[in-house]
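Visitor: For reference, the structure I am asking about is given below.
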Amino acid sequence: MREPDFLNHFLKKGYFKKHAKAVLALSGGLDSMFLFKVLSTYQKELEIELILAHVNHKQRIESDWEEKELRKLAAEAELPIYISNFSGEFSEARARNFRYDFFQEVMKKTGATALVTAHHADDQVETILMRLIRGTRLRYLSGIKEKQVVGEIEIIRPFLHFQKKDFPSIFHFEDTSNQENHYFRNRIRNSYLPELEKENPRFRDAILGIGNEILDYDLAIAELSNNTNVENLQQLFSYSESTQRVLLQTYLNRFPDLNLTKAQFAEVQQILKSKSQYRHPIKNGYELIKEYQQFQICKISPQADEEEDELVLHYQNQVAYQGYLFSFGLPLEGELIQQIPVSRETSIHIRHRKTGDVLIQNGHRKKLRRLFIDLKIPMEKRNSALIIEQFGEIVSILGIATNNLSKKTKNDIMNTVLYIEKIDR
């Protein structure tokens, strides 16, 4: 194939339509060097600004020389190049994580929105076979995605429909370690695939076909499940066990960097079935939140650096606090004004719950934790509930419960009113 054929494919697919700057992961191998040649030659036609990024893994004697040559190549092409050196104990997984962390740093620094890698169809076959041998979930057998949005960036693999034999033999660096069978992918490439092709000469095409078929099923299920609110457990549990599993797996596709194992997936299923309330980290910065008949999976929110102190309100004063206007002894007008009997003799404290909090009801002291459970108050509301305290005792949990002192005691002690109005934050 000629270079213009690759350009036409890129334009037809519209890979770079949404991007002005793209970072190319440049390893120095044949596939990435040819991708460099195509992208650098046709920057104008593709309407992109190309940035190069290379990781020197420091695993071979030649790697430092290759780094110097890539710097020369970038200078000749008048393109910026960013280079980082891997350190620490080497493994395929650590190296991959290091590379992608570095690429994201480069993208953040340069304002690029696309990361381009030279993965091709042969890589796809190896990946699917590796996942099959490891016993991964069916949806992962669709293989590497041609385009993948991760956070605010898009990973583009424009060579995924081409085999390595489609690339012309141009200047590149040969990684001799690829011939060694120390790593799993190398054993797949050098040993397992050649043996399987003896049984079926079209084995690679067969594997790619299975991957595409699984992808079609995955997309179809996602489309058909659009009308089901999976986060509503009444809806989810109205289906058979098999359908529940498929719907839940499809829901998890929304979080591409979550990647639950089979055991973790089974644990999530069990939590949804057995626990009434639950909030706990699950994996990769995500947490599972369940509140009775609803659940959601979301990124863990960063905590504020400083916690808000409790508010002290004195008699004959007003203050706006966390979406409410509190008026101590000064009447507020309106239909939706809450009124709580209090004493004018001392200040009022407004805060969130603390460990050991109790509320007096019907003459009995009840722990807030038990009260919230009995009233089925969602965890989010428990944490955000405002507590009104006076004389060291809880007078009211705003919108939830009030200290019901006897009428005589109330008349003797509570000689004014705290007026509360809901306002916009």
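Note that Cβ sites are derived from N, Cα and C of the backbone, with glycine treated the same way.
Heads up, here are the entries from Swiss-Prot:
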- Ser27, Gly28, Gly29, Leu30, Asp31, Ser32: ATP binding site (BINDING)
Visitor: When a 10 Å sphere is centred on the Cβ of Gly29 (ATP binding site), how many other Cβ atoms does it contain?
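Guide: Gly29 (ATP binding site): 16 neighbouring Cβ atoms within 10 Å.
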Visitor: Under 8 Å Cβ to Cβ from Leu30 (ATP binding site), same chain, six or more residues apart: give me those in sequence order, or none if nothing qualifies.
Guide: Lys164, Phe167, Ser169, Ile170, His172
Visitor: If one looks at the chain holding Ser27 (ATP binding site), which residues at least 6 apart in sequence have a CB under 8 angstroms from its CB?
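Guide: Counting only residues 6 or more apart in sequence, the Cβ neighbours of Ser27 (ATP binding site) under 8 Å are His54, Val55, Ala118.
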Visitor: Determine, from DSSP, whether Leu30 (ATP binding site) sits in helix, strand or coil.
Guide: helix
Visitor: Quick check: which same-chain residues outside Ser27, Gly28, Gly29, Leu30, Asp31, Ser32 lie with their CB within 8 A of the centre of the ATP site CB atoms?
Guide: Leu26, Met33, Phe34, Leu35, Ala118, His172, Phe173
Visitor: Just jot down the residues in the same chain as Asp31 (ATP binding site), at least 6 apart in sequence, with C-beta under 8 A of its C-beta; none if empty.
Guide: Ala118, His119, His120, Phe159, Lys164, Phe167
